[in-house]
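What follows is a short report on a single structure.
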Amino acid sequence: MLDFRDNLTPVNRAADDLRRGLPVVVAGADGKGLALLPLELANGPALDAFEAVAGTGFLMVTGQRAEVLKVGHKGWPVVRLKRPGWMESADLAALADPTLDLASPLKGPFTRIDHPDTDTDRAALKLLKWARLLPAALAAEIDDAATVAAREGWLVANADAVLAVDLSQASALRIVARALVPLAGAEKTELVSFRPLSGGIEHIAIVVGDPSRHSPVLARLHSECFTGDLLGSLKCDCGEQLRGAIKAIGEAGGGVVLYLAQEGRGIGLISKLKAYSLQDQGYDTVDANTRLGFDVDERVFAPAAKMLKSLGFSTVRLMTNNPEKVAALGRFGIEVTERVQHAFPPNPHNVGYLATKKSRTGHML
Ligand SMILES: Nc1nc2c(ncn2[C@@H]2O[C@H](COP(=O)(O)OP(=O)(O)OP(=O)(O)O)[C@@H](O)[C@H]2O)c(=O)[nH]1
Ligand SMILES: [Zn+2]
């Protein structure tokens, strides 16, 4: 059996350091690497330490963010920019974060560095996303990545391990605890928790009743939404969809809701709140994500497929309006025999959000 610890642990540890605003190194197969500092946290002693070792460095942003910054990006997923001499820590944060535009109007133009699309570059921004940070970095090339990192105490993640992290982490999921938790409308419910072998992001299956493993199970993949699920936010339909799914599954006699730790379509709560702040300025949910430098939807549904298989389910009747969820489960080996509509009437605060889902992300509403 593969030991996923070898692949996952360095990636998760490096992501943790990035979240502390510490430099890390992403290393390519040739031993060369990129030292990285997240732009949104590039300040203070960590910035000084980075510059002392790596110089002023250059900037890395996604193609989406480059577009907003009016830098031609030739369709590249990652774009390197020269770091203008005037850019200090507050300017660096503002380059990454469009919610700071009013306080710190961008002072372009920026100059692209023509650089081929490499695994190391893509891994660098993937690691920032995995750390639930904005995908924009101060970076510098390092010839002997392992030696420099060891000398400076910087953690190293291999580019290929970073690029495979979603699938490795999904494969490494194991059931770690299960307990009966009676829910309103579904009293015979068991919560089954999953954790990757070497630790990391945890997901929960909500198994209602005792659904058969021999016929398609009524199932819902629910991505975590702190604001909607917990606070009852009216900006989205998540709270209604979560409680509605549990109720409907209870009434149908059994099934499963997967509660997936994919807050904000995979960008994390802080970045989702930044997206909401852009929505306050008039951008819709799609444009807010791309202005921040993200894809419209950053979720990978491999963990969901792995959880279903671990629970003994291979075919589902999926409660969703999102065709991508149906396609993704199919790609990861779960057959969707039926899509079950799962929509609720809009309210004045989420009517625009639901309309955008229909018109721009293909939701069948
Ligand atoms: N980035 C971002 N995430 C959002 C926004 N509004 C809601 N979300 C997140 O979107 C996800 C909603 O997930 P789901 O309801 O499972 O997915 P869906 O794609 O709408 O598909 P179905 O509900 O199954 O039709 C949750 O993780 C929310 O936190 C937003 O404006 N921006
Ligand atoms: Zn929501």
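Including glycine, each Cβ sits where the backbone N, Cα and C put it.
TrEMBL annotations: computationally assigned, not manually curated.
Copied from TrEMBL, the annotated features are:
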type: DOMAIN; residues: 180-341; note: domain 'GTP cyclohydrolase II'
type: BINDING; residues: Arg220, Leu221, His222, Ser223, Glu224, Gln241, Glu263, Gly264, Arg265, Thr285, Thr320, Lys325; note: GTP binding site
type: BINDING; residues: Cys225, Cys236, Cys238; note: Zn(2+) binding site
type: ACT_SITE; residues: Asp297; note: active site, proton acceptor
type: ACT_SITE; residues: Arg299; note: active site, nucleophile
(request) Would you mind sorting out which recorded positions among Cys225, Cys236, Asp297, Arg299 put a C-beta under 6 angstroms from ligand 2? (result) Cys225, Cys236
(request) Give, as a single whole number between 0 and 100, the mean pLDDT over the domain 'GTP cyclohydrolase II' (180-341). (result) 97
(message) Quick check: of the recorded positions listed here (Cys236, Cys238, Asp297, Arg299), which one has the Cα closest to that of His222 (GTP binding site)?
(response) Cys238
(message) I need the neighbours of the Zn(2+) site defined by Cys225, Cys236, Cys238. Which other residues of that chain put their C-beta within 8 angstroms of the C-beta centroid, in sequence order?
(response) Thr227, Gly228, Asp229, Ser233, Lys235, Asp237, Gly239, Gln241, Leu242
(message) Taking only C-alpha atoms and a 10 A limit, tell me which of Cys236, Cys238, Asp297, Arg299 are near Glu224 (GTP binding site). These are the recorded positions.
(response) Cys238
(message) Show me the subset of Cys236, Cys238, Arg299 whose Cα is within 10 Å of Arg265 (GTP binding site); these are the recorded positions I mean.
(response) Arg299
(message) If you compare CA-to-CA distances from Arg220 (GTP binding site) to each of the recorded positions Cys236, Cys238, Asp297, Arg299, which comes out shortest?
(response) Cys238
(request) Quick one: pull the CA-CA distance for Cys225 (Zn(2+) binding site) versus Glu263 (GTP binding site), whole Å only. (result) 5
